[in-house]
Amino acid sequence: MKITIIGSGYVGLVTGACLSEHGNDVLCLDLDPRKIEMLQRGEIPIYEPGLEEIVQRNAAAGRLRFTTDIVESVAHGTVQFIAVGTPPDEDGSADLQYVLAAARNIARYMTDYKVVVDKSTVPVGTADKVKAAIGETLRERGVELPFSVVSNPEFLKEGAAVEDFMKPDRIVVGADDERAIHAMRAIYQPFQRNHDRTLVMDVRSAELTKYAANAMLATRISFMNELANLAEVLGADIELVRRGIGSDPRIGYSFLYPGVGYGGSCFPKDVKALCRSAQENGMDLQVLTAVEAANDAQKLRLVQKVVARFGDDLTGKRFALWGLAFKPRTDDMREAPSLVIVQELLSRGATVCAFDPVAMKEARRILGERIDYAASPMAALDNADALLVVTEWKEFQAPDFERVKSLLKQPVIIDGRNLFDPQTVKAYGIDYDAIGRH
Ligand SMILES: NC(=O)c1ccc[n+]([C@@H]2O[C@H](COP(=O)([O-])OP(=O)(O)OC[C@H]3O[C@@H](n4cnc5c(N)ncnc54)[C@H](O)[C@@H]3O)[C@@H](O)[C@H]2O)c1
């Protein structure tokens with residue numbers, strides 16, 4: 001099938017690459033020429049495990065191409081996936097300008113039937129706006145052409161995006177016409193040979209499903225973060241509590257890890273956008289409002305622990321940070337808790353030396369030379385007053401604690417991800433403080 005992907009970022013590139021891997025003829029469009037030139041040279045602008053091989057293999061086979069040419073991209077695919085960004089607007093609502101611009105571009109140049117698929121995360125009612133934008137542009141052109149608009153939210157996780165796309169838990173298709181549903185089923189059939197995981201529903205329910213999923217996951221995180229803070233006060237161990245509740249199948253173990261707060265390009269903006277949608281409809285989502293407030297507070301938790309130990313004035317103090325990305329296996333720094341932590345430490349006069357296995361280039365782009373960057377986890381510790389663990393990369397999980405202790409000026413680890421067993425670390429004579437443990 002001929003497919004066009006509009007927007008070649010985390011979602012668009014993974015979608016395009018995975019669809020080409022199953023034999024489709026895919027053309028990926030992006031308006032950023034730097035991105036497209038890199039992709040045309042076989043380079044991947046983002047870090048995502050397994051993506052490079054798939055892109056290179058399918059590009060070499062001629063099934064995956066990249067362009068900045070809108071006329072070419074509209075002509076190419078009968079199915080046009082919109083996977084552009086939907087960043088938060090000033091009032092927290094999702095900014096739809098990129099989605100609607102992509103829709104108008106399709107309408108400007110289409111000459112035959114198109115299935116326009118909203119893969120970006122968009123508020124309920126966006127498919128109607130996309131439909132209206134296309135209809136209006138066609139009218140301006142004085143032509144009448146058939147098209148369908150489908151909602152097909154994406155549930156992939158950064159860091160495991162290829163795997164998630166290849167083996168989806170579910171494929172949500174919001175559509176109200178058979179022709180479009182048939183096209184979507186054909187596209188996704190190879191990804192669900194074992195059993196059908198497609199959930200066909202009305203467009204509005206599909207749009208809301210994506211926000212509901214992210215809001216639920218964010219809720220679990222904020223819930224556990226608050227309980228962890230309470231466990232500290234009460235002298236309980238949140239790790240044991242986590243296992244105690246996770247064993248209940250109604251609760252399950254996933255997404256119950258306390259930490260430094262959720263970040264990334266999705267949860268923060270999606271929680272905000274859902275709250276905003278509710279407000280626009282005269283409702284207050286009280287649970288989610290609290291989820292967001294609890295998360296904002298949690299991003300300061302490590303700094304509170306630092307201040308409790310070293311005082312509010314951190315002049316002359318130096319802190320090693322392990323991890324900058326908002327989660328492991330990605331270089332994505334959008335809304336990363338590390339940014340808040342760095343900002344708070346610097347504003348109190350401290351210096352920071354950080355190490356991240358893949359996000360340092362991106363961190364340097366955002367933070368510049370305001371912090372130092374180390375060549376290895378151990379190098380970051382040199383002369384530091386404490387180690388702060390911010391991202392749970394696998395390679396941080398079993399360090400040589402003797403060396404950690406000898407490199408640090410003071411043997412202090414403040415662990416924002418509960419990576420280590422407190423007794424083990426303390427046995428090395430290291431002062432260890434984690435989230436909700438003792
Ligand atoms: N990143 C994730 O893990 C994830 C997961 C599920 C859903 N989503 C949703 O998918 C959407 C895209 O997210 P992302 O992380 O891939 O964003 P991204 O910023 O990585 O990529 C978006 C790309 O779209 C391009 N673009 C913008 N306007 C364009 C236009 N009119 N025509 C062509 N290209 C255009 C940008 O240059 C950029 O490269 C968002 O709505 C997001 O909420 C993201």
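Glycine is no exception: its Cβ is also placed from the backbone N, Cα and C atoms.
The annotation in TrEMBL ties ASP30, LYS35, THR86, GLU158, LYS269, ARG334 to NAD(+), and of the candidates under consideration, THR4, THR111, THR121, THR198, the one tied to the same site is THR121. Cross-referencing LYS114, LYS210, LYS361 against the substrate binding annotation in TrEMBL, which names PHE155, LEU156, LYS157, GLU158, PHE255, LEU256, TYR257, PRO258, GLY259, GLY263, LYS327, picks out LYS210. Mean pLDDT, taken over the domain 'UDP-glucose/GDP-mannose dehydrogenase C-terminal' (320-422), works out to 97 on the 0 to 100 scale. Checking each of the binding-site residues (LYS35, THR86, LYS269, ARG334) against GLY263 (substrate binding site), the C-alpha distance stays within 10 Å for LYS269, ARG334. Looking at LYS269 (NAD(+) binding site) and LEU256 (substrate binding site), their Cα atoms lie 21 Å from each other. Nearest neighbour of LYS210 (substrate binding site) by Cα distance, taken over the binding-site residues ASP30, THR121, GLU158: THR121. Cβ neighbour count within 10 Å across all protein chains ranks LYS210 highest among the binding-site residues LYS35, LYS210, LYS269.
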